[in-house]
Ligand SMILES: [Zn+2]
Ligand SMILES: [Zn+2]
């Protein structure tokens, strides 16, 4: 049984065939998923999906790319929707220096506000990081995010950075890139990070694993991520599935 900890089934790319995508996931052994919403539209869609599917949960947050759009009302609304019994984390939140829609200072402020909210309501957080590792670590430390902990989603940093994140009470979640032939760093991370601190995800529809690279991703492919980790660690797929699912249930508080 597998747990895909980060999906965007709320993306328009699944408007036509979401039921088939979910059925394929179940057939591949993917029982649990967390649908991540990162603005009003995707959060509303995520809430709709979790009301229709038993083992699909949601995370709600504000994406750093759109930080400039977040109002105080939005933050208040995040707190309200976070009270839903199937909302299990806040995020994705963080910093994204690849796109320049939102200035860095605004991204940092919106990130800090969401960490403070998570601490107030005691929920784990899902971190999105693109080209901003040092600033992310600094803010997590300054805000004492270790009190709630959470997930470094689609982790692409080095094994040393992974260690710093573990020390901050975060799990490392690996996605499709760990399966790419030239992905030295994620493979090293898969080897170095103890299995009881690893999670798996697709981040679908993005970042499809090998051999689907460049195509639309979907939760059934998370099995390929698990197989790659099993290979790198020299253990069975069953063990990876069992431990990463237990880890995900623990961080999200699902029994
Ligand atoms: Zn992300
Ligand atoms: Zn995402």
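Each residue, glycine too, has its Cβ placed from N, Cα and C.
A 10 Å cutoff on Cβ-Cβ distances gives residue 8 (divalent metal cation 1 binding site) a total of 22 other Cβ atoms nearby, all chains included. Residues or ranges marked as divalent metal cation 1 binding site in TrEMBL: 6, 8, 92, 203.
The divalent metal cation 2 binding site annotation in TrEMBL covers 128, 153. In this view, residue 153 (divalent metal cation 2 binding site) is surrounded by 28 other Cβ atoms within 10 Å of its Cβ, with every protein chain counted.
Close contacts with ligand 1, defined as a Cβ under 6 Å from any of its atoms, occur at 92, 128 among the binding-site residues 6, 8, 92, 128. It is 8 Å from the Cα atom of residue 203 (divalent metal cation 1 binding site) to that of residue 153 (divalent metal cation 2 binding site). Within 8 Å of the centroid of the Cβ atoms of 6, 8, 92, 203, where the record puts divalent metal cation 1, the same chain has further Cβ atoms from 7, 36, 126, 128, 153, 154, 201, 202, 204, 206. The number of other CB atoms found within 10 A of the CB of residue 128 (divalent metal cation 2 binding site), across every protein chain shown, is 24. In the three-state DSSP assignment, the secondary structure recorded for residue 92 (divalent metal cation 1 binding site) is strand.
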